[in-house]
Amino acid sequence: MPKRTDLRTILIIGAGPIVIGQACEFDYSGAQACKALRAEGFRVVLVNSNPATIMTDPDMADAVYIEPIHWRTVEKIIAKEKPDALLPTMGGQTALNCALDLADHGVLEKYGVELIGAKREAIRMAEDRELFRVAMQEIGLECPKAEVAKSLERALEIQAKVGFPTIIRPSFTLGGTGGGITYNRQEFEEIIKRGLELSPVHEVLVEESVLGWKEFEMEVVRDASDNCIIVCSIENLDPMGVHTGDSITVAPAQTLSDKEYQRLRDASIAVLRKIGVDTGGSNVQFGIDPQTGRVVVIEMNPRVSRSSALASKATGFPIAKIAAKLAVGYTLDELKNEITGGKMPASFEPSIDYVVTKIPRFAFEKFPQADARLTTQMKSVGEVMAMGRTFAESLQKAVRGLETGKVGLEPTGLDLSSEDDLVVLKRELKAPGAERLFYVADAFRAGFAVADVYALSYIDPWFLDQIEEIVAAEGRLVTDGLGSIDGARLRQLKRIGFSDARIAQLTGTNEVAVRALRRVLKVKPVYKRVDSCAGEFATGTAYLYSTYEEECEAAPSDRRKIMILGGGPNRIGQGIEFDYCCVHAALALREDGFETIMVNCNPETVSTDYDTSDRLYFEPLTLEDVLEIVEVEHPVGVIVQYGGQTPLKLAKALEANGVPVIGTSPESIDLAEDRERFQKLVQQLGLRQPPNCTARTAEEALVLAREIGYPLVVRPSYVLGGRAMEIVYGEADLARYVRDAVKVSNDSPVLLDRFLDNAVEVDVDIIADREGQVLIGGVMEHIEEAGVHSGDSSCSLPPYSLSAATQDDLRRQVIRLAQALNVIGLMNTQFAIQSNDDGSDIVYLLEVNPRASRTVPFVSKATGVPLAKIAARCMTGKTLVEQSVTCEVVPAYYAVKEAIFPFAKLQGVDPILGPEMRSTGEVMGVGRSFAAAFARAQEAGDIRAPQPGRAFVSVRDPDKKRVLPVVLALVERGFGVVATAGTYAWLQQNGVACEVVNKVAEGRPHVVDLIKNGEIVYIINTTEGRAAIADSFSIRREALQHCVTYSTTIAGAKALVNSLEFRGTGPVWSLQELHKELQV
């Protein structure tokens, strides 16, 4: 069936901000869908609230709306753009839920919009746990025994039938939010209450336990003529009980017999037919009892998913692109598989002759209070994928791609001769955490047999054999040393994935010595192509991975090449914003006639799409792996300043190995990062920093702190995302920090800065060229005060309260800094501004980062200036004048960026903001005034607007004066006020009628009781010092559990209260309309 001619305009809904369970894989699928549909001549309208995505670039769709993904807002867009169809399968759970809301509220019917890709009934049947179970029974497939409950009483009745342990899965939530595994009645009641509250339809599935069963996924694509193909089978190394997003997964499945594989293949196709997914990709999950072979269907997603991004990258088959074309009427046999140059139709099932391993990346170090055990609720923030000719090779490559500091299956640090530590080891094997893989390796070091490890972990013995093999090879290396290794043995070690760095660790040498030995013995990797057909057809697409075999398929050209190093796995502090910059660099330099080479190992991203750059190397970002690629490709320049801290850490070593690093020199990067050298530069330029110093011992830290004065911001040097950063208010606090939080030494000193209380923080992004010309990209004023990590603070462009004179002063300082550091490309600078009593401002320089920052995409969207593209051209030698961009663009509207946090997913974590970054994503709102833009950003971030009721106020002494106008504004809007004793006295004194309530420590009834009883609608709570923060923890946590809006800074509270009247009001603007205003 050729494409439909009755559709002209198609609306695509994106996935919104990056959250746990929904990361940049939907930017990848959405961007593919936009490109595919526009190439077919359709007009595409896109809505997505996340400015850090490639899909929201103005040239990705005909009309791009960075607006809240709520049915009311989307209705305004539908009324304005009049689409013929809505494609809801590219934006994850967010888009599906929004599409169902639009259908349920009659919006689609009212405007005559057709759902394509997945029908309303199909979405409902797949997402509604009870309907799905009944549907499976009708086609003779089993689900785990389970029933749906809409109340705690009903849940307890079902639990009595299925027994403990019990699995709880809320309906219509993302990444298993609100779910879990329970072993006793108390846990059961807790999780049921939470699940019912977090499910948008207030229902949960109470399910029998299939813990320890094997888990498999099938990625299926089906067209309107009922042609079905299996793109990929995926096996979870971790058994059932760990969310598939948190499991180590392997493709293709390794431990299925052919008969079992055919059985799952037939079952997954039957599931798609029954649910009614008639065009597009779906993912079906199965559990298999290893003892009896019983197969159950766990669930299916009637959309592209995290697994389909993985399957696409693993096979080279672009699922989202194909799914988009199937949704407009094509059939699989009419479409070509582009990776083979169109030699095969898309109806050929991909076949692969290598093994792919995905390992998730966690961020528990950011949330020490979180429960780090892995369950059915997803907790990972990113993932890494690696390819090899054997499972062992791809596993070890993935481990070093994770960037957790491990270069192989390193020991966990347990003393394996101690009885106590062996108890810990057994517990870690039984109750999985983020590091379980390393404990498995430790178990073999401790002499456990495969059967022992299986009995504790239920990881299939086939995988355990492979890990045992790696550990045995390590043992032989330790005994024999580097001197005894010949070419054959070294090649064998490389074939099972050993890195040079790991071999060096085991033989007590260094990486340089191992590399030199490899050179002498001529042991070098070759590069193989990913072609989706196991080499059956020749492919012109250069999508490559390394392995140690005979024939190399890299076939490099002799064109001028630029290599871009990506950011590796997503994590807190280094996310999609950096991938956005890498993609822009590839696109711009490709337009300029360079051959672009991307190196990255994150399967979720647009940068690892095989048609983003000319050549893609899917490899870990380590010195060894990058140098090998450089040797094959000989680029004229390598860009390290776009992938965050990951490639920056390699800059000096690359330069030392003769690699041409372009842009700002590694020497300048080091000057900006080295505190003492940078301090001298700041003094030479006559700029002002907060009083600060560097301590190399714990004693020195305490002495220097007395000179600077408290409060202090303390942190280790060289960190991204404020890792291990803290504000300390006194000597006892500092002593604890240098004792517990960091190991202070000559090589890793600790940095002390005077903390500027109540200062306004400002971010400035600029581009500089080789002639020292500087383009100001944007000046952003933070809404939260200094002391909240810049990545966690909301910010406004242009600034909403800074005077023009102060803004000009900032511009002058930034230009001088960029010139002094010889920046070529992007630079981000952070300032803090303190107001004097006479109204004048003092500007303090906080830090300079001569690299792409996480605000680049936001600034580009707000101003219409593609900063990353312009800066990439500056790095290859073009000046700003040659690119005709010399003037800063300051919009007449306001754009506000709001950070999105994972607190709901992580039980036990304090949602207070501080100097350590904890947000996973961001949204953007635009308005004609700051308050209107802030309101739109809050809507996009799903932050509830408090309706008049009782507001609870409890603030530290320095904030009492500043909270008064905020409280008066609340009273004016009809709110009542409840406060703790000190705040109550101050408000009473100033004529505010309010009630007093106990702090938690003062006895009951206290404020937490009021929150639990639903008597509080809004909370303003500021604290300082560890003790006060700990005392008020339960207030913030209960507020989060009961979905009560809260502010932990005065500036945040003021912005929120002033924006309430703008909630849900105002027209919607496309980026194209906004950018047109800027060009007038």
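Cβ coordinates come from backbone N, Cα and C, glycine included.
Cβ contacts within 10 Å of E847 (Mn(2+) 4 binding site), excluding its own Cβ and spanning all protein chains shown: 15. According to Swiss-Prot, the feature Mn(2+) 4 binding site maps to E847, N849, an assignment based on sequence analysis.
Residues or ranges marked as Mg(2+) 4 binding site in Swiss-Prot (evidence: sequence analysis): E847, N849. Using a 10 Å Cβ-Cβ cutoff, N849 (Mn(2+) 4 binding site) registers 20 neighbours.
Look at Swiss-Prot and you will find 133-328 tagged as domain 'ATP-grasp 1', backed by sequence analysis.
Averaged across the domain 'MGS-like' (943-1080), the predicted model reaches a pLDDT of 92. Taken from Swiss-Prot, the feature domain 'MGS-like' applies to 943-1080, supported by sequence analysis.
What Swiss-Prot lists as region 'Carboxyphosphate synthetic domain' is 1-403.
Look at Swiss-Prot and you will find 404-554 tagged as region 'Oligomerization domain', backed by sequence analysis.
The region 'Carbamoyl phosphate synthetic domain' annotation in Swiss-Prot covers 555-942.
What Swiss-Prot records for 943-1080 is region 'Allosteric domain', and it gives sequence analysis as the kind of evidence.
Residue counts for the domain 'MGS-like' (943-1080) under DSSP (helix as H, G, I; strand as E, B; rest coil) come to 71 helix, 20 strand, 47 coil.
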